[in-house]
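Step one of this worksheet: look at the structure below.
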Amino acid sequence: MSKNLTALVEVALFAALAMVLSFIPDFMGWFNPSFGAIPLVLISLRRGSKYGLLAGLIWGLLHFVLGKVYYLSFAQVVIEYILAFLAMGLAGYLAPSFQRALKEKGERTQALGLAFLAAILAVFVRYLIHYIAGVIFWSSYAPEGMSAYWYSFTVNGTAGGLTLLVVLIVLGILVPTSPRFFLPNK
Ligand code: 218
């Protein structure tokens, strides 16, 4: 199989896996962590930004196919289900320096730092987008007397923080134990 096609098949698989993880019951509502962010950061660090962004786009679009979109308006849906999910692929921009460090025996710690930085970038930008959407579109859900800014910050800050936490835990385990996952030979 050509290298491109192999990467595309992996992107489809990881986007599907992300969507499956999005079905974990969200007992905390909008405060819930987004477990699908785990496979998305992994494929972005393995294949780089082009494929990472494609995986994010597919993950976002799968919400439409499976009827998991919370619709308030056209602009809100484009911002939160296309732009925000696309942003997860930003982790891939650090893939080249991450993989370079990973190949050097003495730079494992630096590699882990770059993987963490990639996760922080992707999750931060995604939840910044949800925060902005929260202020603009979700303010009517704020409790009596709470400002739209503070409401959106508590909701999306918690969800973003928990999402980052689960991604960092998985990277902290996988980067040291399975470095070859991040260095594809095809
Ligand atoms: C305050 C607030 N409430 C709800 C939303 C909508 N939101 C938040 C996080 C993630 C997603 C994507 C699907 O998981 C959505 C639609 C918000 N932005 N702000």
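Any Cβ shown, glycine's included, is placed from N, Cα and C.
What TrEMBL annotates here:
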type: DOMAIN; residues: 1-186; note: domain 'Major facilitator superfamily (MFS) profile'
type: TRANSMEM; residues: 7-24; note: transmembrane segment
type: TRANSMEM; residues: 30-45; note: transmembrane segment
type: TRANSMEM; residues: 52-72; note: transmembrane segment
type: TRANSMEM; residues: 78-98; note: transmembrane segment
type: TRANSMEM; residues: 110-129; note: transmembrane segment
type: TRANSMEM; residues: 149-175; note: transmembrane segment
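Contact counts against the transmembrane segment (7-24), taken as Cβ pairs under 8 Å, peak for 30-45 among the stretches 30-45, 52-72, 110-129.
Tertiary proximity for the transmembrane segment (30-45) is limited to same-chain residues at least six positions away from its ends with a CB under 8 Å from its CB atoms, namely 10-11, 14-15, 17-22, 24, 51-52, 55-56, 59, 88-92, 94-95, 98-99, 115, 118-119, 122-123, 126, 155-156, 158-159, 162-163, 165-167, 170-171, 174, 181-182. Same-chain residues lying 6 or more positions outside the transmembrane segment (52-72) and placing a CB less than 8 Å from one of its CB atoms are 8, 11-12, 14-16, 18-19, 22, 36, 40, 43-45, 80-82, 84-92, 95, 137-138.
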